[in-house]
Amino acid sequence: MAFPPFKLFQLDDTVVAAWENELNVHALVWFGFDEDSKWKTRRDTLFVSLHSSSPHNPDRGLHASRFRILGPSLRANLNSSAPVIAWLHRNVVETTNVSTVDGWAIHVRGKKHNTLARQQGVDPDVPPEEASTLPGHVFCNVCSVGIPQQHWDSHVNSRSHGRKSLVASYEAAFEEAGKNKHGIDVSHEDDGLDFGIVDVEDALQGATMTLTVRNTVPTSRVSLVDAKFSSQSPRFSVSYDTSVPLLSCSRSINISVVLRQQYRGHYDDRLEMVFEDTSLKQRFVIIRPVKAIVGSRADYEALKPKSPYVPRKRTPRTPETDVVPGVAPPSVKAVPYVGQLPHARILPNIAGALSRGQAVRATSYFRNSILPSQLNSETHARYYKTLLWVEEHRMENDLQMYDITDTKLTRHNQYYYLAVPGLAENRPSVLVGDIILVQPSGSAPGRWFEGHVHFVRRDEVGLCFHTSFRQQSAGDLYTVRFKLNRIPLRRQHQALDAAFHPDRLLFPTQTIIQGTRPSRSTVQPHIYNRLIAGNEAQLQAVASIASLRPGSAPFVIFGPPGTGKTITMVESIRQVLRLNPRACILVCAPSNSAADLVVSRLSILGNSQLFRFYAPFRNKDLVPDSILPFTYRTETGHFSVPPMAIVKRYRVIVSTCVSASFAHGIGMLRGHFTHVFVDEAGQATEPEVMIAIKTMADNDTNVVLSGDPKQLGPIIRSAVARDLGLEKSYIERLMARPEYDETAGYGVSVVKLVKNFRSHESILKFPNERFYRGELQACAETKVTHAYIGCTILANPDFPVLIHSISGKDDREASSPSFFNIDEASQVKAYVLALKADRRFRTSIITPYHAQCLRLRSILRPVADGIKVGSVEEFQGQERKVIIVSTVRSSREFVEYDLKHTLGFVANPRRFNVAVTRAQALLIVIGDPDVLSLDPLWRSFLNYAHGRGGWKGPPPSWDTGATVDHTGGYDQRLKGSALADMNEFTRRMEMMTLNGVTSDSADDEDIDVNVDRPWREVE
């Protein structure tokens, strides 16, 4: 259905769109304006009314809500800049004003646009229609936006318009200064002086390029007064023959520009040449930008983007109205569950709230309208169920980025194999038992075949469909959709729905936490692990846990990096078993690797007392051989559980937090376990931890949590869910209560471990003071921690922390929004080669961006194959002798600096803490200090390293001795400084003409914001 032409009218500050000759068919769109005169709707949602009597809609009346206009999306589009005032889109949506090419592209990719197009049977890829102007509006060329006449004065006086005007003035002055003038011709007018890529050795010796200056007017008398660079940096130098008094047509002057630099990176400057017309007694300036890249040509060639970055066009999903069920793998029935999980579908009002508007609006809406006003034992379940639904909505949306079109399937017997790009890196994460929908090309809309995953290989999956699925030929094309496996979420909903919600476990108070600190002597003579015999805090934790009375409040082992929290927990478990012959313990951890570590340290119990439960689809090849004797498998080889009588005889059962639901699922009675231990509790969401507690604990069951809330929490994909508290783990929430104060509650509710057995004291010092009150003690063996003292790699031979300052360039390619930095990757390679040559090589590399991980693995494969490169999340709980951190982000556009968009999630205190506390003997951080210093925490760390001589590369651009302002704002200060420099340059050029404008950095659409956030393994 297409709409007829319409007209726009203005009534005060109301814009009215109406169809010609159809008074009963009309649309009203109300607009107001904020202080910067940008579009802003007075209402969130406004409707177009389509009456059934309309000749343009003779078949049926359409409900108004199918044609609503959303204020936030309109505002985002109209806030973009472009020479077009507005496009009036009437072929699909009744009246939509969209400004800019980018705005139009975003609009036609939008869910609403595609849904309406599908309903009307029209192609969603429609061209825009340009409007001449909006009545009563003036178009601002600087801001590229239509402004109502009555708001024009306030607009031109606004801060936003002023900043853009200044930038435009600078660009105009810069452009004018770059032109040859007054008959003086300076070479390289078009692109400036570009050294290209200069090898490090050549740059160290000095690379030279030449500018040629000549006078093209025989009668003019012009002299070169001065030639200098705008910055005071020694990266470039300039020289020329000063003995020539006047420039003549017969003789040119050569100006030599020399690059001399020992460090890799991007270098740029501005050469300002001052000329004087001696006849007119007038001076003028001609400038040439100068730039160079110091690095490896081979590395740049190998790592350069294969194609320009183009934002991914998300494939709109049409409804799945006719889905043919597939054939599930045998592992689905490997565990004899006696009950069914609740479906727990997202409630319509929650889905609706998440489908419209921005994250900030959604967060406010949920906080004020959906979530309970208070979080307590009565509202706990509803609160966290809502957050789970919010997270699920985002997880579903994130999976859409992996949908595949026009792909092929390879058949082998009853299985069809599908190649999945990124599968080896768990992007997307696909497990046996997951469901993938497949639609043959040319199928009826809405008809899909459900393929159950039976096999997962490195880069392909094996699917099994219903027998009605037929492949006509090997060349058939298919559309593929990845479906979210809701089983882990349903397990969490099941736990939250349980009626068991005691205050002593969820909201313990001082009246519940009573008693005195148990004496360490109760366990000291019987300690199994002699490594902790002389550790006061570890002994106290073990004694306190072993002495817990039935039905106590949760006890917390607060274990900062390298303090031995898992060892402490294992010792506590063994002491509980020794003191209580009837004790049965369920041990959980958020990941399989963490759970396996617990089993390996409890293996002395033997497989008659210790059982490791794995999800049935777990690949046997991923299970350590030493763990297999503690598992149970069916005749078909799938992991399962033994008969109930045997399960009940185990004294310790270990699983992941989510898989712990098996106990309730097979019919074990509540209260069977006297204790529930959770290791790495800070990495699990509260609903995940509640699976074991709310389904299996009774009024006597004791809970022990081991973890560090100062390190990384659980991976949450939804910004709304994070803001509302899902990222705050159960252990973190408890430790925020006064009852769990590290000092007041010591030995009664919490014990903080303080002896660090991992890092050199210089590596530990900064995070210790910043996160742990300075209480950690460096107790590791000096044979390990001092291994690199005196190493030639260090800037200060006695300080094993090195900041390598590098101003690189962050790139993206194709449709991947993840960043990579070739300069940093090349520098990482140089350090790896140097460490290998030194024959002290146990190095790993941490970088927050997936694209950088891939680049680093590629460049290191020929020289250090097998070296571990991964995200911060992959290294939590691990340690390496040497850690190299590549921070990736770099920017030359100081005026666009913004902490969120320039640093992204690099500016996260917990991510920082984990990254710098993995190293035992040597920590190397490679990054752009101008970018990192935007964040107060990073600035403090850079100051710490620089003050102790741990710095290589260009020096800091700020006073490292000044007190850091921890309230932040450094991005705005740098932006202001850049604007001031622009203003000073413009003033010197004496050019104030407004010829152009730089666009604002548009707010992230956020459709790809989670591309670098790994998918969690929870079962």
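These residue numbers are counts, starting from 1, taken along the chain as shown.
Placed from the backbone N, Cα and C atoms, the Cβ positions cover glycine too.
Annotation source TrEMBL lists compositional bias 'Basic and acidic residues' at 1010-1019. Same-chain residues lying 6+ beyond the ends of the compositional bias 'Basic and acidic residues' (1010-1019) with a Cβ under 8 Å from its Cβ atoms: 394, 398, 401, 426-429, 431, 487-488, 590-592, 615, 617-618, 656-659, 688, 714-715, 717, 816-818, 848-850, 871, 873-874, 905.
The domain 'Helicase MOV-10-like beta-barrel' feature in TrEMBL is assigned to 402-482.
Across the domain 'DNA2/NAM7 helicase helicase' (535-604), the model assigns an average pLDDT of 96. The domain 'DNA2/NAM7 helicase helicase' feature in TrEMBL is assigned to 535-604 (among others).
Annotation source TrEMBL lists domain 'DNA2/NAM7 helicase helicase' at 645-718 (among others).
Under the heading domain 'DNA2/NAM7 helicase-like C-terminal', TrEMBL lists 728-929.
Marked as region 'Disordered' by TrEMBL: 997-1019.
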Secondary structure composition of the domain 'DNA2/NAM7 helicase helicase' (535-604) [DSSP: H/G/I, E/B, coil]: 39 helix, 9 strand, 22 coil
Residues in the domain 'Helicase MOV-10-like beta-barrel' (402-482) grouped by DSSP into helix, strand and remaining coil: 4 helix, 38 strand, 39 coil
For the compositional bias 'Basic and acidic residues' (1010-1019), the number of residues DSSP places in helix, strand and coil: 0 helix, 0 strand, 10 coil
